[in-house]
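Okay, structure first, notes after.
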């Protein structure tokens, strides 16, 4: 649920000096922010994470595609539309991770909100298989961009608060999914609301999420590329900070200092850390496999119980139960002592 703070290897040097004792030197920005300010920022980030998950039509996308509204065949949904989601997610995950840190979170969160709006516009207005494939591509972008929200909170608080704040942000996201699933299920079962109407409601919520995104404060620092000097941990300035000050010449050295090359160098340096390499590969394949299972199981439910009446489709109820358990586990993880080396 949380990531231990790891000094980027591109700045590690042999014989690095031991950390100095507290002798009145300047503390990181996260340590000097007034208590009330960082608490308000964390509260808004958690509220933002909760509200952006309110998409009551999300649990019912598969029956919506297979139903009378879109009338796609099961073979089209299974073999042509759904695969785009998982593979596009894996393709854009690393580039979006790099852009998240380099652009300092907020632009990527805006991109995520715009992708959410694109998803529901295509769901409501699209009629072709190509439109649904494009919808799944935007879904892959929104899922990859979740790392921007997950890491944003680390720019607001001191490292000593990372674990607990990460548990708060994650549990609020899952509570948002729970609320969204319950709302969708109640609308379908008790209100006899159509899947199309539910998607219009979801479009309204994701549009509101874009407005919330615009009010997020853009941090002045990030974990890898935008680290100020004197950050309190003995780290040297980021490579991109050096580039921004014009440190370097032309020719071969010039293209090596291009943003893309710096990003690739950073990735290469990070992958040389066995512990971080193992965690990163686990995250990519675990999350891609999870989403693969999550959305294909909806097709399996339809195969087992092809409900002719929308009121008997219980996708929202099942997802509400599973995410509520996940929210409880995420919250509890913030209070558990974890040996990160294991």
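Cβ from N, Cα, C; glycine included.
Because TrEMBL annotations are produced automatically, they should be read as predictions rather than curated entries.
Feature annotation from TrEMBL assigns region 'Disordered' to 1-32.
Among the features that TrEMBL reports, compositional bias 'Basic and acidic residues' is placed at 19-32.
The transmembrane segment annotation in TrEMBL covers 80-99 (among others).
The feature transmembrane segment is assigned by TrEMBL to 108-131 (among others).
Below 8 angstroms of C-beta separation, residues 46-47, 49-60, 149, 197-198, 201, 310-311, 313-317, 319-320, 323-324, 326-328, 330-331, 334 of the same chain, each at least six residues beyond the ends of the transmembrane segment (171-191), sit close to that stretch. Per TrEMBL, the feature transmembrane segment maps to 171-191 (among others).
With a cut-off of 8 Å between Cβ atoms, the residues of this chain six or more beyond the transmembrane segment (197-216) that come close are 44-45, 47-48, 51-52, 54-58, 60, 64, 105-106, 109-110, 112-114, 116-117, 119-121, 123-124, 152, 184, 187-188. What TrEMBL lists as transmembrane segment is 197-216 (among others).
Note on the transmembrane segment (281-301): residues 61-63, 74, 77-78, 82, 85-86, 89-90, 93, 143, 315 of its chain, located 6 or more positions outside it, place their CB under 8 angstroms from a CB of the stretch. The transmembrane segment feature in TrEMBL is assigned to 281-301 (among others).
The transmembrane segment annotation in TrEMBL covers 313-336 (among others).
Sequence-remote contacts of a segment are chain residues at least 6 beyond its ends whose Cβ falls under 8 Å from one of its Cβ atoms, and for the transmembrane segment (108-131) they are 52, 55, 57, 61, 64, 70, 72, 76, 80-81, 96, 99-100, 138-139, 141-142, 145-146, 148-149, 152, 196, 199-200, 202-203, 206-207, 209-210, 213-214, 216.
Sequence-remote contacts of a segment are chain residues at least 6 beyond its ends whose Cβ falls under 8 Å from one of its Cβ atoms, and for the transmembrane segment (80-99) they are 65, 72, 107-108, 129, 132-133, 136-137, 139-141, 143-145, 147-148, 263, 266-267, 284, 287-288, 291-292, 295-296, 299.
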